[in-house]
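Notes follow the structure.
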Amino acid sequence: MTALPAHLERVHMVGIGGAGMSGIARILLSRGGLVSGSDAKESRGVLALRARGAQVRIGHDADALDLLPGGPTVVVTTHAAIPKDNPELVEAARRGIPVILRPAVLASLMQGNRTFLVSGTHGKTSTTSMLVVALQHCGFDPSFAVGGELNEAGTNAHHGSGDVFVAEADESDGSLLQYDPNVIVVTNIEADHLDYFGSVEAYVKVFDDFVDKLRPGGLLIACLDDPGSADLAKRIVASGRSDIRVLGYGSADAQEVEAGTAFEPVDGVEVGVRLLGFHAHDVGGVLQFQLAGENAARTVRMAVPGRHMALNALAALLAARDAGAETEEIVEGLAGFGGVHRRFQFTGRERGVRVFDDYAHHPTEVRAVLGAAADLVRPEDDSSSTNSAAGRVIVVFQPHLYSRTAAFAVEFAQALDLADEVVVLDVYGAREEPMPGVSGALVAQSVTKPVHYQPDLSQAPKQVAALAHPGDIVITMGAGDVTMLGKQILDALRSAPHPAPR
């Protein structure tokens, strides 16, 4: 067992049930640390941590700092979700107990490992999870910390026996600059978290600064299909830094491969792998790709849908190869990847209607998920089939954060127009106070497809069941409690009268 730094031997975590915080707690417990924490409500994550020995209190008060014998050596929190006047943070300051952010703990836990960090505006959790599953299939036992629960492992974090540590690097508050990785994957870059950064330029710059943290001999893997990450790769190459490598991945067609141009450097950026095609199949898809230096394409059937997921898989492939894994075994591992909790997760099927759940809460994520859903009801290779003609995409969208809804209301509406029918719920405010004039109606009013604004969450399942017909796909979407509706929609479908033919 790897010894913990002295300051992490007794840790109190404010908001311990969150995806990122609970993962850190798991690793600390696995490495022999004592952990206490608090959270606003009971959850599956809290129950799992208690079962592993953590002392967790529901609600926040100063006495929570006495859950561990002798009190904590440090208090850990997150930048955005926990207010500064939280009584535990106030008490920690009174006692002189250091308060640090979650990324600082993760950086300490990574010391002595080869670190593989996945960053980008979207796709971090899925790509990180694919890399973990691929490495595990290849016989590695990596430590990992992921922002979602891997369906195969049933957990979001693990203390491994090997020297590889895989994690996603969250850019939302700039704290990813605390890491000094060996490998960085950047899936995409576009405006987000402007409430923190203040400008698009400042947001983009944090990725440049992050790449500057690469250790000598390190590797940047960047998606060339995305303008933001492609521009980052080109800037790094143009900067002349000679102690790191830059490797791109992205789409190409068969003609480019046959002409020998697919693997030519893009403004100096070396190309490692090309996606040649992706076709939807049931709840997954088949992707075709070719690696640089190989003369033939490879094909892999995946259990997760969407072209964006195919690109994520190629990023994971390049990273796993850099870790020393064999290509054939990596591909087998990716074929067995069953997805991540709340990332286009299959909830169930009732009366011919497939129900999925997704965490998408940014317009680009919404577009990617709805595009993948459209492929499932209207497959590229069977666009004339009866099934394809009948199937529709119905999205139940819950906007996340008042500030994000106000900033991107029109963009959300444009993305939601990729669905055939839209149900918009009210805003899930999370840490934010309501803003005048900002509600789900602000998004719904700009949707041009058939749209229903439903401010009452409890009424949504019956409403959706009445809209859905056999062959349709329903997606519950958002970063809030919309995820609870999936099972309720299936129940409503089960008990609803048989729908009349369209």
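Using the three backbone atoms N, Cα and C, a Cβ is placed for every residue, glycine included.
Swiss-Prot annotations:
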- Gly120, Thr121, His122, Gly123, Lys124, Thr125, Ser126: ATP binding site (BINDING)
So, three-state DSSP: helix, strand or coil for Thr121 (ATP binding site)?
coil
Among the binding-site residues His122, Lys124, which residue has its Cβ surrounded by the fewest other Cβ atoms within 10 Å?
His122
Show which residues of the chain containing Gly123 (ATP binding site), separated from it by at least 6 in sequence, have their CB under 8 Å from its CB.
Thr187, Asn188, His308, Leu311, Asn312
